[in-house]
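See below for the structure under consideration.
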């Protein structure tokens, strides 16, 4: 599986357990204006970034880490597939997130996989739910039906946006209003690698995870 690499100005993707029973935000008015609240804005280096965000989804970032030392190294990565991120909130490994561990365990049992899965990106269900273009297209149609004016951006940006939403739904179920969860770095990096923006990678940056309080206050 291809994975993207990050430099000094690393990408910060858009920027979101099945048993979690909370109501998903249905504020159509809000999302009809900014349906890509969870999608990063691709900008050239040197340009100011927008407030749109990518790899996210949770109230105050309950899964996120505030340890700034995570920005200095990858010692926090246990799966071997994470990449350096721009914020400590985003420096999360799938092995630190109970929902991701549960998904791996469930699929291991159902698919009768002999060896334990060590990364969510090695989970065949992740590939089907978050990387399959036909699945993403179908999810996009549902998104368009739910919101009157969805953002009609480039295919790569749209696919990333929907892939993040898919992972959030896959792992956390239905999320409530102003509820966001920081997605694991390994999954975010994998999604970016599969749906990269056009042009050299170093020419683009992404606006990453922002806790709900950053925008809702």
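Sequential numbering from 1, following the chain as shown.
The backbone N, Cα and C atoms fix where each Cβ goes, and this holds for glycine too.
As written in TrEMBL, here are the features:
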| type | residues | note |
| --- | --- | --- |
| REGION | 1-21 | region 'Disordered' |
| COMPBIAS | 1-10 | compositional bias 'Polar residues' |
| REGION | 43-69 | region 'Disordered' |
| DOMAIN | 51-96 | domain 'P2X purinoreceptor 7 intracellular' |
| DOMAIN | 118-210 | domain 'P2X purinoreceptor 7 intracellular' |
Discussion item. I'd like the per-state residue tally for the domain 'P2X purinoreceptor 7 intracellular' (118-210) from DSSP, helix first, then strand, then coil.
Written reply: 56 helix, 3 strand, 34 coil
Worksheet item: Over the domain 'P2X purinoreceptor 7 intracellular' (118-210), what is the model's mean pLDDT?
Response: 87
